Each structure stands twice: as C-alpha cells, then as structure tokens.
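As annotated by Swiss-Prot, domain 'Carrier' applies to 211-287. According to Swiss-Prot, the O-(pantetheine 4'-phosphoryl)serine annotation covers 248.
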C-alpha cells in the first residue's frame, strides 16, 4: 500500500517528439516544483541517479526562472491528514505523511516563492493554483519534481483542460522506474503538453532576455529601491510603486536607465501598470525575439 523503495535509474537522454511546437514565454510562464519533499524523495537513494541530476536540473531551471522574472511555485502535502480529507488516497497509499514534509534542503523555497498545500495527485485539485494563475495572467506551467506518472501527469492533464500550456521537463522529473518515467513523457508529449529538456527550457527562457544588458527583475528592484531611498526588501515586486512614493520624474529617470540596458518599454506602458512585476512582463513581451530550442 505504501510507496515502494525506488531503484536507481538514469534520467532519459532521448525525449519523445512533441506534437505541438510550443515555446516557453517568460511573461506567461510559472515554474512549478512539484512535491520535492523529504518524504517523497527519501524513497530514492539520494546519492544515486536520478536524484543528483534531478536536483541539479531543477536548480538550474529555478535560477533561469528567477533571472527572467518567472514566478516559482512549490507544492507540498501536509502531515497527519484527516482520513475524511485524504479519502480514496488512503486506499492506494495508506495514511500518508506523518513527518518529513519539508522541501529538500537543496531546493528550499526562497523569499518571494509561492508555497501551496497539495491534497490530490493534481496540483490544481483543492488548491488555489488555478485562481492564482488567472489572477497573475499566467497561462504556461513549467513542471518539475516527482512522481512523473502520478502527480506530474495529473497536473499536466489538468493544466491542459484549463487551457494552460504544460511544459514537463523530461530530465527535471523522476518516477518509480525508467519505464514509468518514459511512459509519462510519451503520453504528455502526444496528448496534453510539451516535453522539454532542462537545456532546451533554459535556452528558451534565456533567449528572451539576451538583448538585455544586465537588466533583470532583481536589478530593477534594486534601481527602484535606490531611487526611492528604500531597502530592497521594502520594494515588493507586486506592489503599486505610487504607494511607495514613485513620481513621474523618477519614473522617467528609471525608464532612461533601463532603455540604455536594452528595455523596450514606453512611459505610457510604465504608468499603465505601476508594479515591478508588470513592468518586467511588459519588457519581456516587447522583446519579440524568436525562441531557440
């Protein structure tokens, strides 16, 4: 009834051919780190493949996502679930977690990351994920984590049903076995989403801001903090900057600085939505640079 101990296997090198030609768009995407909790990861040998490579690949993706202003969302199941709440899951997997609920240390959430409680296979079920995606105007989901043929596949299916493009990272997920892993990727690539390697995903993300010289959401946050004589921690990327004291003169000064670094954004666009997150999304959307795989 419990999750079986998982034998070591290598992450697949050859990925299935996608039926769709979707590309990751940093202004539309969210990175999901799915169920990378100590409880689930401990069924693997953490010193043997696929875990070392899986962790490295998710770290690489997260670094690229942060640089490009892509939000990062974590899911995690709670401990000591009420049997009535857990319901049919208990028939397949027993009572669930009693401890080890934390995300593994190498992938621990950082300030600004979103953390959601997860109750079912799909990250969408009984969670605010769908509402949050719609509120933030995001309609792409980059999916990493465990287990590919259970939560990853279910989440990709639900994303597709909700008109959110799922991108499953073929070497950024792990499963009970190589055969389960490969089955999941074949199904997703042919029926419900796009499968990318970590390298492909990072290239597509990086291509969209390669025109920018040293400009990122983080550097813009520092620039705004300096202009308003605030600490960086006081500048929330989703807060209306007018409430923090931004005026048109300082907005123009910031605009000129960012244009010199390659940003394509007008003063009218700057003042239409006065948050750093929305400014960065506009800059990303205006790049119009073809993606490369």
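The backbone N, Cα and C atoms fix where each Cβ goes, and this holds for glycine too.
The DSSP breakdown of the domain 'Carrier' (211-287) into helical (H, G, I), extended (E, B) and coil residues amounts to 47 helix, 0 strand, 30 coil. Taking the domain 'Carrier' (211-287) as a whole, pLDDT averages 88 in the prediction.
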